[in-house]
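Engineer: Straight out of Swiss-Prot:
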| type | residues | note |
| --- | --- | --- |
| SIGNAL | 1-22 | signal peptide |
| CARBOHYD | N29 | N-linked glycosylation site |
| CARBOHYD | N58 | N-linked glycosylation site |
| CARBOHYD | N148 | N-linked glycosylation site |
| CARBOHYD | N158 | N-linked glycosylation site |
| CARBOHYD | N176 | N-linked glycosylation site |
| CARBOHYD | N208 | N-linked glycosylation site |
| CARBOHYD | N326 | N-linked glycosylation site |
| CARBOHYD | N336 | N-linked glycosylation site |
| CARBOHYD | N340 | N-linked glycosylation site |
| CARBOHYD | N431 | N-linked glycosylation site |
| CARBOHYD | N471 | N-linked glycosylation site |
| CARBOHYD | N500 | N-linked glycosylation site |
Amino acid sequence: MRKFTLLMLLLIVISMSGIAGAAEVKNLNTSKTFTKIQEAIDDPSTTDGNIIIVGPGNYTENILVNKSLTLKSNGSAIINAVSSEKSTITIKANNVWIEGFIIIGGKNGIYMENVTGCTITNNTIQNAFVSGWEYYGGNGICLVNSTNNTITNNIIRNNTWNGINVCESKGNIIKNNTIMYSGGIGIYVWGFNKFEGNNIIENNRIINATYGGIYLFRPSNNKICRNYIANVSSGGGGMSGAICIDVSDYNIVKDNIGVNCDGGLFTDGMIGNEITNNIFKNCKVAVSESTYGPASRNNKIYGNYFINYETAISDPKGELVDNIWNTTEGGNYWSNYTGNNTGDGTGNIPYYYDNKPLVVDLAIEDIAAKPSGIEVRVKNLGKADIKKIDPLTKLKIKISCDNDVYETFIDPLSAGESQIVRWDKIVPEGNHTIKAEIPYSAEGYLIGTNIRDADISNNVFSKMVQGFVQNKTFTITLTNLGKSTITIKYYISIYTNPVNGTKVSYRELTITLKPNETKTIELGKYPFKYAVSGTMIVKNPSRYRIPLNLRIKYEIEGLNPQMREISKYMAPRGEFRYIARYTGKEEGYADVW
């Protein structure tokens, strides 16, 4: 009986554990619960506008959303496709909201066709798979003929083809997504014919794609802004780049960064695009034009930074000539450009099609000696922004004065930006030559960088400066070493010169010192070459002879103090008069008894 009871208790515990761990799907509007997401969607009482909350757990199913619903999870609901022939989630209704899921496998992670107003946010979508090429397969998210949808803050990775595939879809917002390890393209916007896209693609991070970071094929009027793209290979096809614009017109491509890609900017038959303020770094080919399609023309391509490339422009047919590569203010920055500054911050000779390449021109503008030290003003006279070229670089500055040398580093400067370099060396009185320089190599590269200075003639600057008088604190310290209280009358003057200088200060003091008492007289701050003159009178009011034991210390800040000790007897009703002049040097100390 005891064994039977224990067995029953064990079965109850196991049963309760299973109930507690079971996945739960709840319609907040009807309060009904389900074990499958599709059951909750298909329930007759589930209608447009309902909110379905999906609890933590594994859901093995392919889901069809054919109602305007909100499906939400807290990030712990995992949807595994049961069939690889279908997308894990297929959306066939407008105004659907999908949030907080881990979506694995399927023909696509999420497939949307002929829908509008849907939001896909804060999901992880991975491992969509097809065995060969398909127009609408192997994508993390696939939009077909869909408008005004928002795809944001998703992690999309390890998909056979594209991270996000957008086919003949308009007015969509794709932003703040992280897309990694795409077998095809990170974000692919395309159509079978030219179409008005008006999609916004911004602030996405695309890492490791095979055929392109962001690829536009035939859509027009899209905005591609502030995306970061890294590690895009050519997939063996040769037509690839961080950003690819292929028979796609009137797009704005601005403020994007592409690094470590086979190609930076890939173009083919594009018209009227504005491609400005982008950075392409460590790409094998900075700009390449396809040899297959029509020529690209009337595009604005300026204000971009092409850094550390092997080939600047690949254009075998010369089809990129009919584009606007610069304004009157400047063109693009090319790291391999070797021309010099013309005085306006741009190069003196064209670089391929760019007639006004942006250059770096660091210059020492001025040197000043101040009471606090030496100041050197450094300015970037070029129109290239060093912060964009290498935001982590340090620029070496060297300053020398007399026999002292000071070396330091400054942060990169934007175009036209100045910075003050301060050296806390106090320049003494008199004339001194100060030299400041921005070191560079024989080829004109700034030391410690891969940045060429387009005008080294202004990298060195010397200036004769007048030093400053250094004010120091003057003090007199008196100590009564005797056993009697004494009263001292002190007349103190400050002179500009120890011998015959002008008097600049005068004080009369009466000081009483008890036995073993010390008092300090603060005289103020004066140039260290000034002198202190003091006349001290000590009177003996007694009718008896008394001993006088007194220590006097004259001190100028930073110089050796001078001390005198007086030990003598004072006559009855007599006085002792002591006169001294102090300059801070032993030979300048004179006393009279």
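Cβ from N, Cα, C; glycine included.
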Engineer: Of the glycosylation sites N58, N176, N336, N471, which one has its Cα closest to the Cα of N326 (N-linked glycosylation site)?
Structural biologist: N336
Engineer: I'd like to know which of the glycosylation sites N29, N208, N326, N471 has the most other Cβ atoms within 10 Å of its Cβ.
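Structural biologist: Neighbour-count leader: N326.
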Engineer: Give me the Cα-Cα distance between N471 (N-linked glycosylation site) and N208 (N-linked glycosylation site), rounded to a whole Å.
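Structural biologist: With the alpha carbons as reference points, the distance is 64 Å.
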Engineer: Given the glycosylation sites N29, N148, N340, find the one whose Cα is closest in space to the Cα of N176 (N-linked glycosylation site).
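Structural biologist: When the Cα distances are compared, N148 comes out closest.
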Engineer: Cα distance, N431 (N-linked glycosylation site) to N340 (N-linked glycosylation site), nearest Å?
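Structural biologist: N340 (N-linked glycosylation site) to N431 (N-linked glycosylation site), Cα-Cα distance: 36 Å.
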Engineer: With Cβ-Cβ distance below 8 Å and at least 6 positions apart along the chain, what are the contacts of N148 (N-linked glycosylation site)? List them in sequence order.
Structural biologist: T116, G117, K170, G171, N172
Engineer: Rank the glycosylation sites N158, N176, N340, N431 by how many other Cβ atoms lie within 10 Å of each Cβ and give me the one with the fewest.
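Structural biologist: Result for the glycosylation sites N158, N176, N340, N431: minimum number of other Cβ atoms within 10 Å at N431.
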Engineer: Among the glycosylation sites N58, N336, which residue has the largest number of other Cβ atoms within 10 Å of its own Cβ?
Structural biologist: N336
